[in-house]
Amino acid sequence: MGPGARLAALLVLLKLGVGDPAAAAGREDTFSALTSVARALAPERRLLGTLRRYLRGEEARLRDLTRFYDKVLSLHEDLKIPVVNPLLVFTLIKRLPSDWRNVVHSLEATENIRAPKDGYEKVEQDLPAFEDLEGAARALMRLQDAYMLNVKGLAQGVFQRVTGSSITDLYSPRQLFSLTADDCFQVGKVAYDTGDYYHAIPWLEEAVSLFRRSYGEWKTEDEASLEDALDYLAFACYQVGNVSCALSLSREFLVYSPDNKRMARNVLKYERLLAENGHLMAAETAIQRPNVPHLQTRDTYEGLCQTLGSQPTHYQIPSLYCSYETNSSPYLLLQPARKEVIHLRPLVALYHDFVSDEEAQKIRELAEPWLQRSVVASGEKQLQVEYRISKSAWLKDTVDPVLVTLDRRIAALTGLDIQPPYAEYLQVVNYGIGGHYEPHFDHATSPSSPLYKMKSGNRAATLMIYLSSVEAGGATAFIYGNFSVPVVKNAALFWWNLHRSGEGDDDTLHAGCPVLVGDKWVANKWIHEYGQEFRRPCDTNPED
């Protein structure tokens, strides 16, 4: 029975929208921004109120059924003598064709469940959809890969990186949130359905383990069972060549469901394969992790993410330094910017306390109503892609005085002209579950890029402001520079995307590491080439 038809839909947030995927057409996804997930809690609170009323009604109905049961049971226990009392005979004759029919065909249960069903239908469009469940599952796999997380630990609510015999705690939650067997099954099934057995098998193994512990217990909200998990895991093992594992799991399945003819045929098939090629199929097979989308720099990228900020400090390299920066601007004379040079090639600087808490909150509030799934330039088009999971909004400086003040501060700090069309509007980004942006350049690398539609050249510089803190993950990794910068709330990260010659600086290839725990907000200001001719003059030195 699907979750749309079960009371489970009222109990598990990400399963609330599971049903007909077509019903979600035109609805904004939830998993790609945490602010969208937070909004989904409001309709769930309304559903909890409806469920509470339903439970009270059911409790009253069950008390009445218990009363009827006790009454009839007491009559049976008292019948030590033949039924001769005419009153007793009458009640028996009435009870069998009438009372029992009323009990069995009572509409009270149907009427009780109608209220939560109606309440669910009213808020269904505001709930996460089937695609969100898939997106959330893929996010867990992304975190599993990027931070080398142990699946068993994740299921127990523990964030640990496991490398060989070494275990490193990446994050210690104040309150543990463990996953159920059905939760693990759903994650494994998402991977299984795309042929990704590298991720499917450990999640399905954990589901089988948890289902075994609770076998015989019935949970309304569960969609899957031990038999389902064994079925999927057995076939996944077979698909990767581990026939011995597939046979063992299939035999276990038949213990619980001995009449399943399909599984019985599978057992015979696996036994025959092992008899014919036992030396090839009995051993456990190493499964290669899929590299989709293809990413040549994946190992470097994930290594930098795992270090959670690997840049050297000015204590280690004397050429790196900290200073108070005025840039010869009267605007910064009384309140200089607190500059920390993070790296020299590419030149990357971090400006601490670039915005205040109040300014950061205001910018988030201005952007939130306008957030839409982030896109990337692909040729002449802009597309939603798996390698960028976030939502973004664009804010003009006329929206609020705080944005005017921010633009003045950016102009004073950089010495650049940031008035349109020489700079883009402020882009505000909120990252979702495991939100990330895989290695990319901010500047255009193709002459057909949509960036050139502004008629102001390529993106010469980037200023990225961290509008929030995170508890773990979310660092900015510079791949070829081989360093990463952790999230520092209210700080701004600045770098040049282009050499003075106008050529792109390949060393600026960077990525937003997946957010392990936390709600990551950033604001990007991209400043273009045109308008900066006398502020950053051209130079033929390719290294400048």
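Glycine too: its Cβ is placed from the backbone N, Cα and C atoms.
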* If Swiss-Prot gives His440, Asp442 as binding Fe cation, which of His499, His510 does it give for that site as well? -> His510
* To do: List the Cα distance (Å, whole number) between His440 (Fe cation binding site) and Lys520 (2-oxoglutarate binding site).
  => 19
* To do: Round to the nearest Å and give the CA-to-CA distance linking Asp442 (Fe cation binding site) with Lys520 (2-oxoglutarate binding site).
  => 19
* Structure fact -> The rounded CA-CA distance in Å from His510 (Fe cation binding site) to Lys520 (2-oxoglutarate binding site) is 17
* Asked: Counting across all protein chains shown, how many other Cβ atoms sit within 10 Å of the Cβ of Lys520 (2-oxoglutarate binding site)?
  -> 25
* For the repeat 'TPR' (227-260), jot down how many residues DSSP puts in helix, in strand and in coil. => 27 helix, 0 strand, 7 coil
* Asked: Taking the center of the Cβ atoms of His440, Asp442, His510 at the recorded Fe cation site, which other residues in this chain have a Cβ no more than 8 Å from that point?
  -> Tyr437, Pro439, Phe441, Thr462, Asn497, Thr508, Leu509, Ala511
* **Entry from the binding-site residues list His440, His510 having the most other CB atoms no farther than 10 A** => His510
